[in-house]
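Here is what Swiss-Prot says about this protein:
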BINDING   G13, G14, G15, H16, A17, G18  FAD binding site
BINDING   273-287  NAD(+) binding site
Amino acid sequence: MDFPSRFDVIVIGGGHAGTEAALASARMGVKTLLLTHNVETLGHMSCNPAIGGIGKSHLVKEIDALGGAMALATDKSGIQFRVLNNRKGPAVRATRAQADRAIYKAVVREILENQPNLWIFQQNCDDLIVEQDQVKGVVTQMGLRFFAESVVLTTGTFLGGLIHIGLQNHSGGRAGDPPSIALAHRMRELPLRVGRLKTGTPPRIDGRSVDFSVMTEQPGDTPIPVMSFMGNAEMHPRQVSCWITHTNARTHEIIASNLDRSPMYSGVIEGVGPRYCPSIEDKIHRFADKESHQVFIEPEGLNTHELYPNGISTSLPFDVQLELVRSIRGMENAHIVRPGYAIEYDYFDPRDLKYSLETKVIGGLFFAGQINGTTGYEEAGAQGLLAGTNAALRAQGRDSWCPRRDEAYIGVLVDDLITLGTQEPYRMFTSRAEYRLILREDNADLRLTEKGRELGLIDDQRWAAFCAKRDGIEREEQRLKSTWVRPNTEQGQAIVDKFGTPLSHEYSLLNLLARPEIDYAGLIEATGGEAIDPQVAEQVEIRTKYAGYIDRQQDEIARLRASEDTRLPVDIDYTTISGLSKEIQGKLSQTRPQTLGQASRIPGVTPAAISLLLIHLKKRGAGRELEQSA
């Protein structure tokens, strides 16, 4: 049979993790196969039609900075864009976009189909070929065998997926799609820790049955933001508004009186749901003192009447769903197009992974996305890109790569997962990062694109745009530094008139920009400078105003990095290290951290224990030096 069976990398699953993994691998020049159960659902948004948000947009921008597809697909499909936390500092500002679900999926598929080195094939994966603790390939549903150096599993909610509506349940990967049962059984045979998690989705509403006049309109921002460093507002489709309404006492009464029919509260569902995206049942139960909860009415697209009521995810029986929806203001006559549901699925303890997202026990087998216990398109895409990159690096015989916590939110995400593990779906927040001021969404390209180019992820067009931006920032900062304004001159008076800022002596424009009351656009207007790229202007202003704080964080990072990156030997026996408590010895032996920094983030491992480890490593190193000299 003249059909390719040997590849460098095989990716299982065509969701947000799988598409980024396959694209990253193929961009690096290795022969990549993407196996999906249905080509029509590549890049499908299974839950809400939105990308970005607090902490999440930072991941999207980092994916973009490394050449990924998510941000550009969002710019081409986004029907509403907003910057959250706009009145706060740049560290926590976050771009969020409502996407047209159909356009987003179409854009992702177009990118995949036009990516060199990438083969797409519609088949379920039912088995892994493993020999001597090394993955060698996969077996599909119809018995085809494909071989590769690396395999990336991005199975989402499909592994052993079980859909719940009320007390009834059935197998499914998501509504309308079959689960991966054979692969789930195969995975449970491997020496990996497995658990069950749960997520859910609300009923979809026909917009023609909704009264928007009694809701609060939520328009997008003007000027319209963009998500990709390569994007622009001209890419965006027509922009629309979202709407806000609220639950009420009647809604809560309906839910509370039917909790005995909820699979979550009747013991039918065993998996743990996402803490930060709870079902409406959870909200009513956990926050019984609250009189109402916000419901965001989000359009599913420009060519459909379907609406996504964000905030009422539920797995209650359909008759209860209908009653609770119709109790909400503006939805008294609502028609439900699709019922809400909960889904349980298998995930694997991410503490069994290396930083590369390769499993510790099966060489060449990588995990990305919900299989690692995360929730969210952005978290999945970030892991997919990293896993695909490292799968390709392994196939090329090169060292693996993962950004540190002080380099990227991707680094924070991976370090949290493989060090701490998770017992509930993990969601990214800016509060999880220690160095938020350095890890802003606006500078993701300055942090990561050079590394992406080195890895082979960045094409010539993106590299040229990045270099132009980087050089433009340097030129403008130098211009501001070397341009001086004196009191009692035309420029000096213009600054006083514009900002009410008296000039007591000569200042450089860079010194003036550092003042909190002076903004870059106003400074250029007052001093007659030329307009420059808005991305360059943004960087110049942020870097200047926050220079002191940024320098302080950089100094702190430099101090910590020496011990943070100290490697712990694979064969280290923690039970032989005197001074460590039995509890800490047990935690270190179970987790097997790769570095001192990772060890320090294990719950219960004290600073004193880290000091003992450092002393042990120094003694061990000195002892080996003596052995070698003898």
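Cβ coordinates come from backbone N, Cα and C, glycine included.
Values in this document were obtained by computation on a predicted structure and should not be read as measured data.
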Listed in sequence order, residues not in G13, G14, G15, H16, A17, G18 with Cβ within 8 Å of the centre of the FAD site Cβ atoms: V11, T19, E20, A21, T36, G43, T154, G156, A368, G369, A380, G384
Rounded Cα separation (Å) that holds between K283 (NAD(+) binding site) and H16 (FAD binding site): 28
Lowest local Cβ density among G13, G14, G15, G18, G273, which the record lists as binding-site residues, within 10 Å: G273
Residue pair C277 (NAD(+) binding site), G18 (FAD binding site) - Cα distance, angstrom, rounded: 23
Integer Cα-Cα distance in angstrom, H285 (NAD(+) binding site) to H16 (FAD binding site): 32
For H16 (FAD binding site): DSSP state (helix, strand, coil): helix
Which same-chain residues, if any, lie at least 6 apart from H16 (FAD binding site) yet have Cβ under 8 Å of it: G43, M70, G369, Y377, E378, A380, G381, G384
K283 (NAD(+) binding site) in three-state DSSP notation: helix
Sparsest Cβ surroundings (other CB atoms within 10 Å) among the binding-site residues A17, S279: S279
Intrachain C-beta neighbours of F287 (NAD(+) binding site), sequence separation six or more, cut-off 8 angstroms: H293
Rounded distance in angstrom between the Cα atoms of E281 (NAD(+) binding site) and G15 (FAD binding site): 28
Fewest-neighbour residue among binding-site residues, criterion Cβ within 10 Å, set R275, H285: R275
Cα separation, G273 (NAD(+) binding site) to A17 (FAD binding site) (Å, whole number): 20
Secondary structure at G273 (NAD(+) binding site), reduced by DSSP to three states: coil
